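Q: Here it is, the structure in full.
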């Protein structure tokens with residue numbers, strides 16, 4: 001039966017829509033790649049009914065001196081205007097010469113950034129934001145990810161009102177996915193495979209060894225998890241094989257979900273498909289877009305050749321809030337991705353729930369770790385031999401890479417594996433296949449003390465760098481090292497929390513340091529949400545277990561928390577712009593933990609985190625409903641920002657879809673710091689030791705007449721901050737007030753380390769509008 005099902009899926013992959021795809025080589029023998037072309041849509045001759053007809057016509061080709069018409073993979077006409085096509089380099093160069101082509105860039109592969117968390121953010125049943133926003137009812141959250149598993153209880157439409165009449169989306173039928181799979185909760189489901197097929201070829205897609213569906217159905221699990229984190233319906237008696245048991249619900253449990261499958265199991269996400277997902281989601285009428293996708297390794301590109309930046313701008317300019325994940329390359333500095341100032345970039349923090357495990361050594365010592373292992377435990381009080389393959393087997397063996405471990409050395413033993421180079425759960429499978437009885441996964445310097453739970457296929461737990469080093473020393477220096485592992489289940493009320501997750505990507509912004517990224521952090525460690533029925537909780541092909549829910553960690557999990565929060569705020573305040581929603585989340589974020597101390601960095605226990613780690617702080621939805629003051633930003637502001645960072649007018653037009661005229665140079669050179677952003681990041685160059693930035697605050701509080709006073713809190717470090725005026729007075733006729741922030745320094749500090757602090761506007765009535773301040777010194781180029 002299993003073989004028959006796999007053969008059926010293989011045949012279903014070879015759909016007519018993909019059968020025409022060329023496998024990377026043109027008829028002339030040249031290698032083909034997928035290119036994305038930005039076209040001036042206003043140049044379309046009236047003889048063509050649609051842009052699709054124009055792009056694929058002989059007339060379009062001849063205008064570029066090309067010898068044959070283009071066969072578009074995707075045509076974009078909402079957040080972006082143009083098309084993508086699989087072409088040889090020479091044909092792509094011909095099309096670049098078309099007078100209506102404004103820009104082009106190669107398709108790239110991007111990666112996914114992979115219960116209790118709503119309460120941890122301050123949401124309470126029948127109170128506050130959940131109550132006032134009716135749990136997000138009638139707000140539509142579009143999720144660009146790996147698709148969705150529609151049968152899960154978290155996508156039930158029980159007790160939901162009819163689908164909003166303004167919704168224009170649909171449900172794409174395909175293998176294992178009927179149009180009737182959608183309901184009043186899952187209001188839309190689409191898939192975009194043309195870029196994927198052009199990049200990998202049909203043959204590669206069909207033979208990658210994984211179950212996959214050429215439909216919106218989720219074979220990976222990531223998309224189902226992120227969608228239900230943002231907007232999952234209430235599900236009772238939820239757990240991941242007994243862990244995190246309770247009532248599962250998304251941040252906006254009554255919001256509607258529209259799934260856009262742009263990522264494919266084991267193959268990542270192609271820019272051309274991502275851009276098509278943005279284009280369709282906005283045309284369908286979503287209110288919020290959640291994108292847990294990025295370049296990884298701190299990858300940055302100018303905004304005008306970054307499809308996530310381009311697609312999100314098109315969405316934001318039409319009133320759609322866009323949240324993206326910051327990336328999982330922390331704690332390295334300058335590792336944050338998704339840097340455009342019109343999107344919300346979300347880092348990850350811990351919550352007050354953990355899944356502890358304990359390693360008991362033969363000498364009586366106990367070491368703390370975490371685990372989600374749910375199978376048969378090790379026998380009580382049974383001590384097993386402890387073995388570290390890195391002592392004699394080299395680097396591959398220390399990492400427990402495939403085929404690196406000698407079964408005769410590990411049979412029946414607890415095996416220590418170093419973290420890195422392969423998935424954590426895959427190391428457990430390697431140990432199990434070699435005959436090992438259990439595994440301890442030890443962090444190295446890159447991960448420090450940051451731990452996440454995994455649903456291992458054998459008894460296993462993870463330990464931090466210090467415990468790992470001690471464990472390996474014990475194994476090396478003891479004649480007969482032994483140990484056992486005890487699993488402690490679920491623990492609630494853990495302190496301190498939140499911590500900045502060790503993997504959460506950090507600032508400064510490597511593209512535009514005047515814009516602080518990430519914007520804030522949200523729960524992203526050990527998050528319970530719905531899961532696919534196509535694979536086990538580890539995601540490994542050999543894992544035969546199936547679970548309704550899974551527990552995952554990553555900024556991928558933090559991003560949908562922000563998306564769900566935005567859905568609640570949009571429901572409560574329909575007139576708020578995407579910038580105002582982000583401002584409310586940022587200026588009310590908290591920078592203290594549940595012990596009352598400063599939020600700390602998980603990677604370095606005892607070190608207080610800074611705005612370069614957490615942006616504005618950890619979102620607190622109990623306050624975001626009523627932020628007092630907000631910082632709004634419009635299209636003209638974003639265009640002026642791009643002018644200020646040196647983008648040419650034609651490059652800006654690739655993003656904005658409309659002509660832009662950058663102002664002539666003046667005595668005061670504009671700066672990226674002048675954007676009306678809720679955070680303040682000032683860069684001092686060389687001997688320029690003073691800079692002034694302007695902000696404009698809008699009063700959205702219940703009281704039209706209000707007075708706010710400024711308070712600056714700066715860490716010591718050689719910079720002073722002055723605010724003028726120090727008091728803002730609002731009235732029914734004066735809803736906006738501007739102020740100047742001047743940062744001064746006698747000289748750059750010897751270490752040139754960034755200095756940070758906060759500006760807080762307080763009205764004495766419960767509103768404390770907090771903006772992080774970061775001052776960085778750079779030498780001029």
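Any Cβ shown, glycine's included, is placed from N, Cα and C.
Pulled these features from TrEMBL for this protein:
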type	residues	note
ACT_SITE	145	active site, charge relay system
ACT_SITE	222	active site, charge relay system
ACT_SITE	556	active site, charge relay system
DOMAIN	34-113	domain 'Inhibitor I9'
DOMAIN	136-600	domain 'Peptidase S8/S53'
DOMAIN	398-471	domain 'PA'
DOMAIN	674-775	domain 'Subtilisin-like protease fibronectin type-III'
SIGNAL	1-19	signal peptide
Q: For residue 222 (active site, charge relay system), what is the tally of other C-beta atoms lying within 10 angstroms of its C-beta?
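A: Summing over all protein chains shown, residue 222 (active site, charge relay system) has 27 other Cβ atoms within 10 Å.
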Q: Could you give the number of helix, strand and coil residues in the domain 'Inhibitor I9' (34-113) as assigned by DSSP?
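A: The composition, in the requested order, is 22 helix, 28 strand, 30 coil.
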Q: Provide, as an integer number of angstrom, the distance between the C-alpha atoms of residue 222 (active site, charge relay system) and residue 145 (active site, charge relay system).
A: 7
Q: Among all the protein chains here, how many other CB atoms are within 10 A of the CB of residue 556 (active site, charge relay system)?
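A: There are 30 such Cβ atoms around residue 556 (active site, charge relay system).
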Q: If you draw a 10 Å sphere on the Cβ of residue 145 (active site, charge relay system), how many other Cβ atoms land inside?
A: 30
Q: Work out how many Å separate residue 556 (active site, charge relay system) and residue 145 (active site, charge relay system) at their Cα atoms, rounded off.
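A: With the alpha carbons as reference points, the distance is 10 Å.
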Q: Determine how many residues of the domain 'PA' (398-471) DSSP places in helix, in strand and in coil.
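A: The composition, in the requested order, is 22 helix, 14 strand, 38 coil.
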Q: Quick one: mean pLDDT on the domain 'Subtilisin-like protease fibronectin type-III' (674-775)?
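A: Mean model confidence (pLDDT) across the domain 'Subtilisin-like protease fibronectin type-III' (674-775) is 90.
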Q: Over the span of the domain 'Subtilisin-like protease fibronectin type-III' (674-775), count residues by DSSP class, listing helix, strand and coil in order.
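A: Across the domain 'Subtilisin-like protease fibronectin type-III' (674-775), DSSP assigns the residues as follows: 1 helix, 61 strand, 40 coil.
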